[in-house]
Amino acid sequence: GSIPFWIALIASFSVFLQGVKVKAPTFEITNKCPYTVWAAAFPGGGKQLAQGQSWSVQPDAGTSTGRIWGRTDCSFDGSGRGTCQSGDCNGTLNCQGDASAPVTLVEYTHNPSMNLDFYDISLLDGFNLPLSITPTSTNPNCKGIITCLSDINSQCPNELKVSGGCLSACVKYNTDDHCCRGANCNQTLYSRFFKEQCPQAYSYAKDDVTSAFTCPSGTDYKIVFCGKSDHIFALYLYITINNEE
């Protein structure tokens, strides 16, 4: 699939970063789904999570971009080789590459030169499970509890349905319009479907206004599969954001 416009833009600035490598954010990933999820991070690897289990991912210092997601219905042998019905990453438990569609993605760009983290939930490769991301910061400039908790799989248009999830139209049809290739692109009927289900998530590549979120550098994050974070900061941020609207 395509990538959000802001990631391409911010990543271009990262080329110019020089000097000391800065600590990347830590991500605490928790599975609240009533089934096992094989969490994945690139960079970061992978881990099997039963319901209620967590995994802390700390990318190497200097890491500028990454993706985190959940895999479903996986089977791995003792060497960590196998397959997943959704979110598979080259048949390995310890991910060393991107996910196979359909998959619900958390994407981040860490840019210390701007003193900002950029993060989002992307449905550009489709949807396989609900999730949320919550920054663990009380900084008022850190606005962005993002959720995509709709049961998209049960609502998925028949032509996009596959085992384990719901494909995006870009992955399914690979056309310029659906994949937002070229100088200008607009919503399609399919991207509107995803946006209606998850208003805070990317539904097409230039969906930046309502889908790109920032926090000051130094912020860590909680990602929850099938639920919201119950962290105290979630309530604080919700109150802060709504009081300022």
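One-based numbering along the chain as shown.
Quick reminder: no glycine exception, Cβ is built from N, Cα and C everywhere.
In Swiss-Prot, CYS215 is paired through a disulphide bond with CYS142, chosen from CYS89, CYS95, CYS142, CYS148. Here CYS95 is paired by Swiss-Prot through a disulfide bond, and of CYS84, CYS89 its partner is CYS89. A disulfide bond in Swiss-Prot ties CYS166 to one cysteine from CYS156, CYS170, and that cysteine is CYS156. Candidates considered were CYS74, CYS84, CYS198, CYS226. The record in Swiss-Prot pairs CYS148 in a disulfide bond with CYS198. Per Swiss-Prot, the disulphide partner of CYS74 among CYS33, CYS84 is CYS84.
When secondary structure is read from DSSP and collapsed to three states, ASN186 (N-linked glycosylation site) falls in the coil class.
Counting only same-chain residues at least 6 apart in sequence, those with a Cβ under 8 Å from the Cβ of CYS156 (disulfide bond) are PHE127, GLY165, CYS166.
With respect to their backbone Cα atoms, CYS33 (disulfide bond) and ASN90 (N-linked glycosylation site) stand 24 Å from each other.
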